[in-house]
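Per Swiss-Prot, the features are:
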- Glu93: active site, proton acceptor (ACT_SITE)
- 99-346: domain 'Radical SAM core' (DOMAIN)
- Cys106-Cys351: disulfide bond (DISULFID)
- Cys113, Cys117, Cys120: [4Fe-4S] cluster binding site (BINDING)
- Gly177, Glu178, Ser209, Ser231, Leu232, His233, Asn308: S-adenosyl-L-methionine binding site (BINDING)
- Cys351: active site, S-methylcysteine intermediate (ACT_SITE)
Amino acid sequence: MNTPVNLLDFDVDGLVDWFAGLGEKPFRARQVMRWMHREGCDDFDQMTDVAKSLRAKLKEIAVIRPPVPVRDSVSSDGTRKWLLDVGNANAVETVFIPETNRGTLCVSSQAGCALDCAFCSTGKQGFNRNLTAAEIIGQLWLANKLLGAARDAAADLEAGEKDNGRIISNVVMMGMGEPLANFDNVVTALRLMLDDHAYGLSRRRVTVSTSGIVPAIDRLRDECPVALAVSLHASNDALRDRLVPINQKYPLRELMAACQRYLERAPRDFITFEYVMLDGVNDQEAHARELIALVRDVPCKFNLIPFNPFPNSGFQRSNAERIRRFAGILLDAGIVTTTRKTRGDDVDAACGQLAGQVQDKTRRTVRLKQSMEVR
């Protein structure tokens, strides 16, 4: 028996092509797409305006299957984190951050991460595999369902109010994994987020965060430009080589040039640089002045992130006064600078704390133990 096709794996064009293979017209694909994403429906029998014969056919050959939630944690500040089973003993984490005027969903793109940034809990777990498009968009599908938002979002779309009154108004690809290392599946999910037959989010409200894979930044600019955030975290190559090892392949000069090129087509007129504040590592006044020189030709804003500790990280958070002074130097240079409010740290849902459950294929744990052995 053939494995059923998971329809969450398709963007609109892909679903139209798949339906064409069944001898069905494009409008049928769009009907099913709306039921899946705008109504949050995973039961073909409930798709009442779809022909009964097609519903019967779909039940035999297709499914609508998001990841399976295995744990639901709610922080004292209202942040909500789901642990989602993606098979073969792997699980990823998705975080919803409610605020007064918006709700942001933080989505994972990989089971683990191979980039091994020094201060990130996900990287310490190693890497297993890329998530499928269904597993990525399924996080938004599932969060809408669990938050009771699917039908509300559909009503907003019908009323022409695309961004008002939604529970999830913003999506950030800032969960587990490096999104641009899983380019094709991430872009399929992004297209669904943007498409009016699915979620209809504004490009300005969808953000991809990258550690700096330069060729993929250029490709994203050409294929699906959304808001871009760059995990910078260092003001010079020597320090960034240590904190963000991908810098050894794509150093800061190349990364800054890629950011300039991206802005030619970006929905926002600036790049967001994320900068984790590590006590005594990258938080000195000299680092701030190096940053000013580094980004002088890149319209940008800085988001300073107080480090969120995790076991055996080896780092400490910069104190509040040091962060305030660091931000002040950037602000005095005319750079918009914010300090991220830590959310969800009591359920390990804060930035840098997501770990999930990863069956490492990189032997990272073995290599780490070997490096710690007394020789």
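Don't overthink the numbers, they just go from 1 along the chain as shown.
Here the Cβ of each residue, glycine as well, is placed from N, Cα and C on the backbone.
Here the features listed in Swiss-Prot are painted onto the structure.
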residue : record                               : DSSP class
Glu93   : active site, proton acceptor         : strand
Cys106  : disulfide bond                       : strand
Cys117  : [4Fe-4S] cluster binding site        : coil
Gly177  : S-adenosyl-L-methionine binding site : coil
Ser209  : S-adenosyl-L-methionine binding site : strand
Ser231  : S-adenosyl-L-methionine binding site : strand
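Its Cβ taken as reference, Cys106 (disulfide bond) is surrounded by 27 other Cβ atoms within 10 Å in the chains shown. If you take the Cα of Ser231 (S-adenosyl-L-methionine binding site) and the Cα of Glu93 (active site, proton acceptor), they are about 19 angstrom apart, rounded to a whole number. When the recorded positions Glu93, Cys120, Glu178, Leu232 are compared by Cα distance to Cys106 (disulfide bond), the shortest distance belongs to Glu93. Among the residues Gly177, Glu178, Ser209, Ser231, Leu232, His233, Asn308 said to bind S-adenosyl-L-methionine, no two Cα atoms are farther apart than 19 Å. Taking the C-alpha positions, the distance from Cys113 ([4Fe-4S] cluster binding site) to Asn308 (S-adenosyl-L-methionine binding site) comes to 18 Å. Nearest by CA distance to Cys117 ([4Fe-4S] cluster binding site), out of the recorded positions Glu93, Glu178, Asn308, is Glu178. Considering only the binding-site residues Cys120, Glu178, Ser209, Leu232, His233, Asn308, no residue lies within 10 A of the residue listed as 'active site, proton acceptor' on a C-alpha to C-alpha basis.
For Glu178 (S-adenosyl-L-methionine binding site), the same-chain residues lying six or more positions away in sequence with a CB closer than 8 A to its CB are Ser109, Gln110, Cys113, Ala114, Leu115, Thr210, Ser211, Ile213, Ile246. Note: the Cα of Cys120 ([4Fe-4S] cluster binding site) and the Cα of Asn308 (S-adenosyl-L-methionine binding site) are spaced 9 Å from each other. Glu93 (active site, proton acceptor) has a Cβ environment of 25 other Cβ atoms inside 10 Å. Taking the domain 'Radical SAM core' (99-346) as a whole, pLDDT averages 92 in the prediction. Neighbour counts were taken as the number of other C-beta atoms within 10 angstroms of each residue's C-beta; across the binding-site residues Ser209, Ser231, Asn308, the minimum falls on Ser209.
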